[in-house]
Amino acid sequence: MEIIRSNFKSNLHKVYQAIEEADFFAIDGEFSGISDGPSVTALTNGFDTPEERYQKLKKHSMDFLLFQFGLCTFKYDYTDSKYITKSFNFYVFPKPFNRSSPDVKFVCQSSSIDFLASQGFDFNKVFRNGIPYLNQEEERQLREQYDEKRSQSNGAGALSYTSPNTSKCPVTIPDDQKKFIDQVVEKIEDLLQSEENKNLDLEPCTGFQRKLIYQTLSWKYPKGIHVETLETEKKERYIVISKVDEEERKRREQQKHAKEQEELNDAVGFSRVIHAIANSGKLVIGHNMLLDVMHTVHQFYCPLPADLNEFKEMTTCVFPRLLDTKLMASTQPFKDIINNTSLAELEKRLKETPFNPPKVESAEGFPSYDTASEQLHEAGYDAYITGLCFISMANYLGSFLSPPKSHVSARSKLIEPFFNKLFLMRVMDIPYLNLEGPDLQPKRDHVLHVTFPKEWKTSDLYQLFSAFGNIQISWIDDTSAFVSLSQPEQVPIAVNTSKYAESYRIQTYADYVGKKREEKQMKRKWTEDSWKEVEPKRLNTQCGSYSLQNHHYHANSLTATSTVGKRNLSPSRAEAGLEARASGEISDTELEQTDPCAEPLSEGRKKAKKLKRMKKDLSPTGSISDSSAKLFEVPDTW
């Protein structure tokens, strides 16, 4: 079902109903771009740590816009042994609600726009008819504006005319406004004396003059009139005064309050759908979904925190249970029988032996998708086939039980090992980002960090390391790369070869990481020392409170890269070979290591705790057991 601004309100109850009755959801997003600077290859280096990958995506991807959101709900019909689906395709755009609303700025990537256009994407539905939204801070600010407005005019929203914050004594009116107020009072006196006229429209005036009018009338006419501010077609604000009895005045105030609440809900817009998904506590499925999750949290909840651990805490607060089908398909027992994990190819493979495609039917009134026609890169369709892939793989796990089960539900312990682990694209030895604990820290004692002139190409690196047999190269930027050797014993020899070289330098991966950690510590120490110097000065000034602001990244350039979508990025053959070769022997001590530079408390963690407080009434459908299933655990080694 296609949802745009004009039919969003009329169909919102259908969305809520679908979410409420579903067993699980599948989601997908389409964006205005992927990377504002680095190429996709540089953005997804094979030896990124989870922290580095998060920082790259946060810096280079979050200024793009998620402008199409696909949601497909799945409910199992036990009578007919089939799934009933409801698919929604939302077009989203941050239309300013009023003059004080945030005017969102975002960037576009030409290759991404060109690719979506080639797939028949209708951009008019985004820019002309996209559903507005607000994040939680913007919603809070808008609510405060409404509360302040009601406080000035109608007693903070109470039905009594006089505000408890408004003086019941005569108002002090500036000399230059006395004539204006006297004229208004005179017109109101004429209105009250007239038997024919019921309403009086005052001329448009300034906000200060309207405030004086409200204050004067609340003191002079506590009963008998109703005062309301309206807007002309030219956006000029004016006051309408009506003669009413007390019952009619209360009725109008109730209508006005209901209208304001409706306007507020309209401004929150699509965020209400995301809140409903989050508050359900149900399993959310995605394919290669790290970017989808980051954009969803960033766009509809709050800006992403600087620290990865804070992002994890925030994400699990919003979405208690996530499952990535790309990771699932890349893990045993699927890894050996699924060669290509891109979404389109995965959907095709799961129709073949040993898998059984699920029996699926669209709910009445909802359009059905034909997978033979492949409507890829329509978010609703991608969400639909993502859900199909999950069902097929989950049911396949049931075949290992004794006796075998043909249907494995979204609440089954068989799929718990895959919860809250998001696939890391192209990382050779860390398959996933673990949202519920420390990330894997594999040994990289066979990896070298190499710096070299900008003119060098891949062939130059192969020539440099020709004496060391098979190698794998992962470019970092134009002047550096990681090179992995086939044997760790060769590393000291390779490092020694660069001792007297002028054009290049080779160091071990451990040395590279150690120097980066030192730089990070020095930078933080400098920041802390600077703060110690600033703090006394702040206390001695009268310039108000000082607060650290979030750092907002802006695109310095729009680099048109090759036409690539996040769905069809699969590990290269070389990377796959190294992935299979990696020993991955990780000790418990290594797994428990955390970043020694991590701050104990920060703005991001405060936001996560705030989200938890807002969701204290959450009643998830189903529960997550602390004990993982013994079968098919996502491996600690890759």
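Backbone N, Cα and C atoms are what each Cβ position is placed from, and that goes for glycine too.
Residues Asp28, Glu30, Asp382 are given by Swiss-Prot as divalent metal cation binders; from Asp122, Asp292, Asp477, Asp478, that same site also lists Asp292.
Looking at 143-165, 189-211, 534-556, the range annotated in Swiss-Prot as region 'Disordered' turns out to be 143-165. The domain 'R3H' (178-245): residue composition by secondary structure is 30 helix, 17 strand, 21 coil, according to DSSP. Within 10 Å of Asp28 (divalent metal cation binding site), counting CA to CA, the recorded positions Lys220, Lys326, Lys499 contribute nothing. According to DSSP, Lys499 (N6-acetyllysine) sits in a coil region rather than a helix or strand. Lys326 (site 'Interaction with poly(A)') sits 43 Å from Lys499 (N6-acetyllysine), taking the CA atoms of both as reference points. Across all of the domain 'R3H' (178-245), the predicted model scores a mean pLDDT of 87.
With respect to Cβ neighbours within 10 Å, the recorded positions Lys220, Lys326, Lys499 differ, and Lys499 shows the lowest count. When Cα-Cα distances from Lys499 (N6-acetyllysine) are compared across the recorded positions Lys220, Asp292, Asp382, the shortest belongs to Asp292.
Using a 10 Å Cβ-Cβ cutoff, Asp28 (divalent metal cation binding site) registers 30 neighbours.
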